[in-house]
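To keep things clear, I will list the structure first and then write my remarks on it.
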Amino acid sequence: MWKQTYRVCLCFRRRFNLRMAEAPDEIKRLFLQYSENGIMTAHHLRRFMVEVQKEEGATREDAQAIVDSLRELRHLNVLLRKGLSFEAFLRYLFGDVNPPLSSNQGVHHDMDAPLSHYFIYTGHNSYLTGNQISSDSSDVPIIKALQRGVRVIELDMWPNSSKDDIDVLHGGTLTPPVQLIKCLRSIKEHAFVASEYPVIITFEDHITPDLRAKVAEMVTQIYGDMLFCPEVECLKEFPSPESLKKRIIVSTKPPKKYIEAQEIRVKEIEKQKRKAETDEEASGKESSQLEGGDSAAGDSSESDEEDNNHEELPEESEKAQRDVVPEYVRLIAIHAVKRKGGLKNYLRINPDKVTRLSLNEQKFEKAVARHGKDTIRFTQRNLLRVFPKATRIDSSNYNPMLGWRYGAQMVALNMQGHGKSLWLMHGMFRANGGCGYVKKPEFLMKSDPDNEVFDPKAKLPVKTTLKVNVYMGEGWYYDFPHTHFDAYSPPDFYARVRIAGVPVDTVMKRTRALEDNWTPVWNEEFEFPLTVPELALLRIEVNDYDFSEKPDFGGQTCLPVWELRRGIRSVPLYDHEGEKFRSVRLLMRFEFV
């Protein structure tokens, strides 16, 4: 991993000019403790990595690689021949080789469990470029989402103006369409750029049977062997992400005619079973009254029962089956359901098959308020998708933590927007190597002997305490115009540090604002007692304090608490849209006690 340091050093050569006088006292003290005569050798550096950074596996070679890479900075007089000066040590601490999440761990969760065991990076109306009413439909936001690691893409299918092809658009609005085939091709080209784990395409189907046949032909021709089509009509358990690497999965509600045909079939089979049971009962009574009944009568009875099970379906069922378009139905690997009745019935579990249920955020909030435990039980085997309410015409988003607390796998957000909800989404899916699938905590997948499940509202004992030290920040001077925050003076930065998680763990703390300083040194420590660290995200935001106006945004990031590396780490910040700044970062320390 240390081979990356050459690139890092070139970056710091352009932008890093910290002096020892500007550094926090604790950083100075640690340098003195792990150096000799102002030189930190590879031996000293390895001790620092093991004892302070808690990198037990660090070797002398790892430390030497860091020292060697920083020799590129020799012309800046920050490196002594045998080791690192204090300035070079700071460069290492602020470098990309010292991130808050492990950069070489990659995908490390168990990926062999069913899909229902994972939170899945999910988009809503993935084709829209802006608002929900009048923005363009395009494949560009789909491409951007896939490049970021999104694994679930939603496409709303409608007949085009001439009714002979399929468009993708937000129905009932002024959004101009994009051709379905263009979206499908772009998905194929970019599906596995960021992750090799499966991409799920959710179709919202508003098309006719003849156009469904055309969709089936398109999908089959474009994806070929990439397409996952189960051999069985309905899955009893979802396959695993590992078994579906580089596969495309289609999920939608089967056509109404198909559902009607299935219902007729089920009723007919049940009717036949009842008739067979009645016949068998009558036959048993008759044989008990006869003496010396021969085996031929028994064989005949078995044959009749077998024939009865293969009776033709009624004419109504045959017509429904003809309208189904079987090649389209075969594409649907994950069946979506829309159940009648109340919320309790929505969350009913069918032991013989797994399905996907979609609820808008309002209906989901009602579901968890009234049937929270049923919601968690449902998500232990089935997929639950939550999507923004219709009134979010500006493509804003709800708090995704609400869905994750109750085990919802597909918490769908408008990826074309920006703001705190999306920042939380980005933070969640930085976990597990950024592959788009994050294994749900075990407590969301288990029931106790009394069939009781996890309750996100319960007050549980503290499991661990996260200690966060916000030392300092650097880089705004290089990434922002010098009059961006204030026309006449440097900015007055402060940092907000929040935990997003279960309600009892959710809290926000902040540093003091430091006046007129492009390189603020806060050196403040905060403690966060956590009852459910497995669902906690650490969100950090820096702003410029303004007494009379709204604070000016200076950067943000969000990190999964359960994957934080202990020790002193370089934390890059991102802009409103989630794009990484070139230079802006914080120096922070994370410890669990």
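For all residues, glycine too, the Cβ spot is worked out from N, Cα and C.
Feature list (source: TrEMBL):
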- 291-300: compositional bias 'Low complexity' (COMPBIAS)
- 310-322: compositional bias 'Basic and acidic residues' (COMPBIAS)
- 358-444: domain 'PI-PLC Y-box' (DOMAIN)
- 445-575: domain 'C2' (DOMAIN)
- 271-322: region 'Disordered' (REGION)
What counts of helix, strand and coil residues does DSSP assign across the domain 'C2' (445-575)?
13 helix, 59 strand, 59 coil
I'm checking region-level scores; what's the whole-number mean pLDDT for the domain 'C2' (445-575)?
95
Helix, strand and coil residue totals from DSSP for the domain 'PI-PLC Y-box' (358-444) stand at 39 helix, 15 strand, 33 coil
